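If you scroll down you'll find the structure; I have some questions about it.
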Amino acid sequence: MLVSYKWLNEYVNLSNVTPQELADKMSVTGIEVEGVAVPEEGLKKIVVGEVKECVPHPNSDHLSICQVDIGEEELSQIVCGAPNVKAGIKVIVALPGSRIAGNQKIKKGKMRGEVSNGMICSLEELGYSDNVVPKAYAEGIYYLPQEAVNGTPVFPYLDMDDAIIELSITPNRADALSMRGVAYEVGAIYRQTPQFNDPELKEDASDNVENYVTVTVEDSQDAPAYQIRVIKDVTIAESPQWLQNRLMNEGIRPINNVVDVTNYILLLFGQPLHAFDYQKLDSKEILVRRATATEELITLDGETRQLTEENIVITNGKTPVGLAGVMGGANSEISQETTTVALEAALFNPLSIRKTSKQFNLRSESSSRFEKGINQATVGLACDVAAAMIAELANGTVVSGTAVGSEVAVKEAQVAVTLERINQYLGTALDEATVNEIFEALGFAYEVNQGAYEITIPPRRWDIAIEADIIEEVARIYGYDHLPSTLPSGETVAGSLTKAQHVTRQLKSLLEGHGTSEAISYALTTEEKSRQFMMKESQTTRLQWPMSEERSVLRMNLISGLLDDVAYNVARKNNNIAFYEVGRVFYQTEDPTKNLPTEENHLALALTGNTMVKDWQTKATAVDFYTVKGLVESIVAVLGLTEKISYQATTAIPEMHPGRTAWIYLEGEVVGFVGQVHPTTAKAYDIPETYVAELNLQQLVAIEAGGVTYEAVSKFPAVSRDIALLVDETVTNQELVKTISDNAGKYLKEIHLFDVYQGEKLGAGKKSMAYSLTFVNAEATLVDEEINRSMEKVEKALIEKHQVEVR
């Protein structure tokens, strides 16, 4: 937010405060100041000149020789290459020895044999950005107003002697995204009440808005407030110099005396407005509704936009004429032929505006304010002030009345707090008189009874809703630098790691030893990504004042963040990736507007590419399901939970491959999943085949693992038997291992799967799985009869339970 010191001085008295002092004071009261700039700094000897004579250069087809009055006895000859130079205009002249933008020094010289005593300048040569220069002067020099005095410094005529204070406004302080909002803030700091000199609205009582337009809002959730004023008999022209100066200093290009007023009101009130050419609407009906998937709109930038049902549009009853809150339509644009203006003021659904803005990549000052919040109490006032200004600057007449489609009931919030609570939080000893003065400076009405305050919050401060907000306001205006500093008190105890911290460090060391790298992703994400890879049902927890839609919802999984990291690396040709992350996810089962979410500590893995790169003696080995499952098994082993963990194939996670995904169970309860990211999901993230896992680390750590039991190595030999099974391809290894383990007897020591085969020889839907079973008796040598009995029981159980064929 750029704030003009001169403009601000019209509302609060800053005669005894320098711009830098003001910036410093604002910084210590809670609004960050990025810097203070004075446009004229670094420029010198640049004056007003009047072109008295202009003739073509004899040796050039694009240069002109000008005789310029710069307030001296004799005219000064200057050679100029601008296509729009002519006699009779007031111009910007850089004298010999002057400095223009870029610290460039201007010297007296010759151009094609003709003497040139300086330079006639464009706005760009004074440091203005191309984006703010009026289009009429984009390719040439700038014309100053005729009342400018020849030979005097040019800076006051362009308000380049103003100080521009750049503020960094956080999302919760969107009220400061307007000059009025900043004026209230500065007024509170210096104990002043801002005085606004709004122009008086004069209406033509003989004509009524009902003769021109009616407004209908299809769904008040989309547009809680919507109104139209009509200004007739306008004449489109350039805006006066003061208005152009203010817009250019705020980084906005002047267009004409109607559009410029809407931009001025945006800066003044923080209220976006839009002006339609009434004749081009070709209808007396304005309908605000959702677009259909078959509709298109050519916006003011000349682009054809394919609309969707997510978009709110302004229509003439039939076809769209504007993309609500984002950009108007070219079919209703203000032009030189416009004589009647339909002026729109509204509140639009911020979520819809954010989505539309993102969909079309159209970020604007208007859409940003709709997203962050607008003072609902001044929608009508902003429209009235704009109508009065348009009538004055364009010689028009405001038709009486306002066409209203929807209105919002403005409520003043009530917040209770006690003096004791304020002092307790801030560590202060403020008395009632001091706190009263602060509330009065802020413009907050209040009632106090023995230190108990009931405070009425004006609508312009919609960010204040709870006790903590009030305490923060007291701290800001009292001054953070005045809060007392105290040393920590209480007993000190020796620090130690909790079990969870100790286990987390163990696991990080384990995973890094396996070649993975730790990633740290944002806890805030989009609503769509927050709902991916979920292990249980939950509502989303949305921020009230998000910085952007990409960081608006608390995550409910870690994997989506890791996939963003994978995509970032893959885009930079880093193709072999193994990431892990330990972090919190947030589940909400209650009302997210009233209750905090439940936090769970999770661990996630994401692997893609090769685990082994090809060299002269090794073949490349790609990451697969068993790579990531092996890491999960290593984690479980460190936790001492191997015997309590089981896996079961699942198709319940839509973002995961239905044939390569498994739930992870801890004693029958889901604690995670492992598998391949669904190809469709991988394509959406623009990543190759990727394998992931996510575990509820908090739940795993909470389980008491069994103690480690050590036993001596048997002095009697172990016996191994192999068994090959022909089974249906749907039968899992885990099912077979469990059946073998349950029936092989007490001497079974180990089961090892050493071969899996599928092919045409086995028949469709079949696979061969070969196991090695190791038996040990620690007290005696095993004999064949014992082993044979165990193998017979195993074979019988496998045949009965899984219909296997023992090969």
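Heads up, the Cβ atoms here are built off N, Cα and C, so glycines get one too.
Computed from a predicted structure; not experimentally measured.
Got these off Swiss-Prot a minute ago, pasting:
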type    : residues               : note
DOMAIN  : 40-155                 : domain 'tRNA-binding'
DOMAIN  : 410-485                : domain 'B5'
BINDING : D463, D469, E472, E473 : Mg(2+) binding site
DOMAIN  : 714-807                : domain 'FDX-ACB'
Write out, in the order they occur in the sequence, the residues of the chain not among D463, D469, E472, E473 that have a C-beta within 8 Å of the mean position of the C-beta atoms of the recorded Mg(2+) site.
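Neighbours within 8 Å of the Cβ centroid, excluding D463, D469, E472, E473: N172, R461, I464, A468, I470, I471, R476.
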What is the number of other Cβ atoms found within 10 Å of the Cβ of E472 (Mg(2+) binding site)?
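Result for E472 (Mg(2+) binding site): 17 other Cβ atoms within 10 Å.
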These are the binding-site residues: D463, D469, E473. Which one scores highest on other Cβ atoms within 10 Å?
E473
In which DSSP state, out of helix, strand and coil, do we find D463 (Mg(2+) binding site)?
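Once the DSSP labels are grouped into three classes, D463 (Mg(2+) binding site) ends up as coil.
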What average pLDDT is reported by the model for the domain 'B5' (410-485)?
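94, rounded to a whole number.
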Quick check on the domain 'tRNA-binding' (40-155): DSSP residue counts for helix, strand, coil, in that order please.
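The domain 'tRNA-binding' (40-155) comes out at 10 helix, 48 strand, 58 coil.
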